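Trainee: Sharing the record's features from TrEMBL:
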type    : residues                                                                                                               : note
BINDING : D:Arg48, D:Lys54                                                                                                       : NADP(+) binding site
BINDING : D:Arg125, D:Ser126, D:Ser127, D:Asn237, D:Ala238, D:Gly281, D:Lys296, D:Pro297, D:Thr298, D:Ser299, D:Ser300, D:Arg322 : FMN binding site
Protein chains: 4
Amino acid sequence: MSVNSFGRIFRFTTWGESHGPALGAVVDGCPPRLALSEGAIQPFLDARRPGQSKYTTQRQEPDAVRILSGVFEGMTTGTPISLMIENTDQRSKDYSEVAAAYRPGHADYAYDAKYGFRDYRGGGRSSARETAARVAAGAVARLVLPEVEILAWVSQIGGDAIDPAKFDAEEIGRNPFFCPDPQAAERWAELVDVTRRAGSSIGAVVECVARGVPAGWGAPVYGKLDADLAAAMMGINAVKGVEIGDGFDVARLTGEENADAMHPGEQGLEFEANHAGGIAGGISTGQPVRVRVAFKPTSSILTPVATVTKTGEATEIRTRGRHDPCVGIRGAPVVEAMMALVLADHKLLHRAQCGG
Amino acid sequence: MSVNSFGRIFRFTTWGESHGPALGAVVDGCPPRLALSEGAIQPFLDARRPGQSKYTTQRQEPDAVRILSGVFEGMTTGTPISLMIENTDQRSKDYSEVAAAYRPGHADYAYDAKYGFRDYRGGGRSSARETAARVAAGAVARLVLPEVEILAWVSQIGGDAIDPAKFDAEEIGRNPFFCPDPQAAERWAELVDVTRRAGSSIGAVVECVARGVPAGWGAPVYGKLDADLAAAMMGINAVKGVEIGDGFDVARLTGEENADAMHPGEQGLEFEANHAGGIAGGISTGQPVRVRVAFKPTSSILTPVATVTKTGEATEIRTRGRHDPCVGIRGAPVVEAMMALVLADHKLLHRAQCGG
Amino acid sequence: MSVNSFGRIFRFTTWGESHGPALGAVVDGCPPRLALSEGAIQPFLDARRPGQSKYTTQRQEPDAVRILSGVFEGMTTGTPISLMIENTDQRSKDYSEVAAAYRPGHADYAYDAKYGFRDYRGGGRSSARETAARVAAGAVARLVLPEVEILAWVSQIGGDAIDPAKFDAEEIGRNPFFCPDPQAAERWAELVDVTRRAGSSIGAVVECVARGVPAGWGAPVYGKLDADLAAAMMGINAVKGVEIGDGFDVARLTGEENADAMHPGEQGLEFEANHAGGIAGGISTGQPVRVRVAFKPTSSILTPVATVTKTGEATEIRTRGRHDPCVGIRGAPVVEAMMALVLADHKLLHRAQCGG
Amino acid sequence: MSVNSFGRIFRFTTWGESHGPALGAVVDGCPPRLALSEGAIQPFLDARRPGQSKYTTQRQEPDAVRILSGVFEGMTTGTPISLMIENTDQRSKDYSEVAAAYRPGHADYAYDAKYGFRDYRGGGRSSARETAARVAAGAVARLVLPEVEILAWVSQIGGDAIDPAKFDAEEIGRNPFFCPDPQAAERWAELVDVTRRAGSSIGAVVECVARGVPAGWGAPVYGKLDADLAAAMMGINAVKGVEIGDGFDVARLTGEENADAMHPGEQGLEFEANHAGGIAGGISTGQPVRVRVAFKPTSSILTPVATVTKTGEATEIRTRGRHDPCVGIRGAPVVEAMMALVLADHKLLHRAQCGG
């Protein structure tokens, strides 16, 4: 019931604050005898790592992961895998303003209301820096899913969406926006740079597809694959919306328009469409699992915003610091990690009840 | 870890199939000494009950709830509250077609792929009839939340949305659509009737607001209030999208546009807006908690759709039966119930860790 | 986290009070396609059923189980199995004395201290009658364990133990004491009858062995097979001690005396002894899993005992009612059921992580 | 459901192997604003620390704990508390014998049977070294329990028990055996030294009492305080038996002998005896909570014992290494820690459901 844990069988727990000595994840329930080393995790952390372009926060962190347990002679042992990432760029800074007043849109006030107290340095536990631990855990989850290919990308920044006709998976790794449409990437470079220079921020949409998920994963009625994905995605910092398959668009459709007709195919069932996003009744159908996730603009902006001090007086705050002008960009590797974590868990859960 | 249970402290488990003898919920963790009787639950079931207008399924079920345990002398005892609803209108019917072929958009194929077997009568466990158990459990959850007012309504059917300027909470109970805009209700009467007579179906959007939630409920980072709400809503039958606050709209905004500026007020903090939907960092802020939920059109339609038989051959299926032309309508009481269930759980969870 | 649920994958939830309309269990996580009918459960309930000899309580209950969900065409569907047992012999009785004063040794005072309130009729939820639900759930668990043979018996009543040399498994079903030693059974008939006629009660020890458990079930370090068995057994009404293998005797031994030497055998590993009770490091070794459980004498006796009223005044109470003179006797089928429930859960948990 | 986690609300997860770089615990659910520093944890680790007398293993470990998260300005923040202890004395050693053959009584064979693979260095995850993480977590649990005083001691080594009449709590800290009877401590010095010099080992019994637990903690029927204590204790390495209150002795008693008569007292209820060990119906009664725990002799002995190699051939093994001749001695601080962890969890769980 730990609120800092996620998953049922393949279950991970994260710990750590933005400006503490380190952060980490403990992954429990991982099957034994899977090849694992720090080198298998690091590339995923590097993809999420800040400070790699001018479009993300300039905090410089190597985000080097250490495996402290659960691996012996290069293989998982079946016991908890402890992953630790040291915080190295805890820039000494004056936090007195943030300590005294609540940053609107941030969790400052909510944490204080809940705990009567908060670690105000860089947002403490509420910092998106915690997602590094999820990405590390997600890299372990992928070991459990050799049959599944997971891909996430940014499909929209502000009001500017990619052209689906120009989707090229190869492009995603070639630009700093995880953008599959090279022309959109060029436009976004301008858009994000203008935003950054204005000390402003902007929202984004991330999409993720998992191919190769067999029919049968997911567990009705409160362990549905789509419900677990919704929790996984909505729990990522700055996320305000989640869609499975066609999402909100289906509200406008008729049953005929929304039907995913089926035909016998050479390799089993074939579907005419995938409005459902690969999930029916909470169980995978064998089609690609599709998720869309909305990220709000970072709340940290240079424009002063009216707020309240800890003692209840009116003030204004402008957030200096080193912030992502578009936090959704670095959200893509996190969405990918959460997809892997949910699927790994459901694969094992399905095996528990149904064998195979 | 039971996949048919939901909640952490205030936790309920549901059981039952569409055409079995009964269905029910076991509510565990409810505080003692709360006044509870069947009469306190029945009105919520009646609101969700089918067969009350021509706009919903014509299945006739009294949905009379019985309390089998956990209440003594009219008060909760702190022990599990067992709620049972008998199925009375299990119309004897020929299910051979549904048994033999998979209805597109339904969970038929996914259940068979998972379990190698399925109760095909009325969808078995995947039937939306299961949500009656959630509504019953939700009525108990409300006892825990005297300070909170929860209201859900249908805000859109197909492409036709209400006019927010005409929102009148009193109207919601006056029409068969849970519609707060009387003019929209009139238009929908026509729209849904046409849809029904055509043997078609149509999607909808349900919105829900909880007022009176104090700041401090919700638990970072994998027990976030918004993440739990997302799971609760996405797990409702036919739901494909969930938004908190402004949802997907925030992806288009700048940080300045999305800011919820704060001011000192007479009764504590006041906010200029509520883009965040009452939740920051996964914790309630004291503002109204706002959720939007997209329902797909019922997959059961009279137009034949291509599908596959259990043995893999091509066929067509048209679903006769008694179905909701717009399943989202009866989704409103279910969304309301899930909101209550999540909030009750988080109230107790907050009390566990932080007292108060 | 429901406190009225037990198990991780194969998980059951029980509900119901001694004198409510019914009690039951919801079994979740059961694999699909196992043959199940009420007839497969009833014999286990009959073994535990009261009123079958003068050595147990004279409460007359048919304890007829009904399956309300989760079974279709005689097979489990993989969805929750709801089991219900109606209470029929809720003898109308004057409970005013029990309502007003706390019965020593019973949970009366503790329930009042916890909940500020209690269902005093027959002990309410604290009644051993709740164990009927465990026995019903245990019968389902056995379906998951075709390779395992579980046997429980009473090995001691009061100070009178069986002679291990006279152990005869066939005898267990032939006497009303679940006693494998026919001579002990004769002595106990006299002992329990004298106890009963004196309005007194007496303690007992139950032993249980599970044969056929393969090596590898159990999960270090907080899901150990022996730790889960300890919780399962200690949670049975009136139990005050649990031993695995040689239990407390090992405290007196040296390492040499306690060693379970191993040899290669024709069918794999062979052990010289089984001091460990079939579990090492929390994981099964392939040897028989052995548990011993101590039951206290029923607290309900005719001799008046000093106690306190609800309002804090001194009084005396003697418990009339229909009580077991030796509650440990009817504990044997419950111990057997809990063994099955723990093993079924660990079989599935092992399969989840390690396959096979 | 993580099998390396324990607790419901106050929940901790441990990780680490005997010879890995470090081990640790993540404590989740701890209330905020409790004073915590490494100095508050270290004394408990020091009490359990090996190498302090000739009666325990000569492995030299400083067991210095570091707090990596969850504490800010000397107070708990309500977020996960990550505790790490580095392994410094991972003596380079030839493990080829242990790698090739199974040590009888150890978890070697069971781990291999489960995972197909094991970290054989010092027992890996099955090593009692893992209990250091429990002791660290237990020190945090004590912060939640200012009203409770917990004391554990060794009451028996081999066949030699303390004289209860000579019980002196002050003595416990004065000898290397956690022995409250100074004369027994002298006898044990001889007994354990003889055992150690013979390369043998010996069993022990540890007792633990918690005073100040109010009536009302514990949650029927599968979250009983005694059931959770049984799991907590049976899950400690080398434990084979657990008793609550009078334990197995009650099996020999009559209801009259076992009665805990109650009287009105100046400060509330007074009991004549405490056969029940402070728990009735799974709920605390306000009396001292009493537990007895049996530890087997360490399986590592110098006498060769017949065993089997990984490839199934007969061999003999004698365990050199640095081992405790009586592992029960260092079990006392672990029992104390587990008592604190269970009580802290139940205090918060009670508050969740019943307030106060």
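From the backbone N, Cα and C atoms, a Cβ is placed for every residue, glycine too.
Can you tell me where each of these features sits in this structure?
Mentor: DSSP assigns D:Lys54 (NADP(+) binding site) to coil, not to a helix or a strand. Within its own chain, D:Lys54 (NADP(+) binding site) has D:Asp193, D:Arg196 as residues 6 or more apart in sequence whose C-beta sits under 8 angstroms from its own.
According to DSSP, D:Ala238 (FMN binding site) is assigned to coil rather than to any helix or strand. Cβ-based neighbour count (10 Å, all protein chains) for D:Ala238 (FMN binding site) stands at 22.
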Trainee: When a 10 Å sphere is centred on the Cβ of D:Ser127 (FMN binding site), how many other Cβ atoms does it contain?
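Mentor: D:Ser127 (FMN binding site): 21 neighbouring Cβ atoms within 10 Å.
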Trainee: Please determine which of the binding-site residues listed here (D:Arg48, D:Arg125, D:Lys296) has the lowest count of neighbouring CB atoms within 10 Å.
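Mentor: Selected from the binding-site residues D:Arg48, D:Arg125, D:Lys296 on minimum Cβ neighbours within 10 Å: D:Arg48.
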Trainee: Determine the minimum-neighbour residue: among D:Thr298, D:Ser300, listed as binding-site residues, which Cβ has the fewest other Cβ atoms within 10 angstroms?
Mentor: D:Ser300
Trainee: Filter the binding-site residues D:Lys54, D:Arg125, D:Ser127, D:Lys296, D:Thr298, D:Ser300: retain a residue only if its CB is under 8 A from a CB of chain A. Output in sequence order; output 'none' if empty.
Mentor: D:Arg125
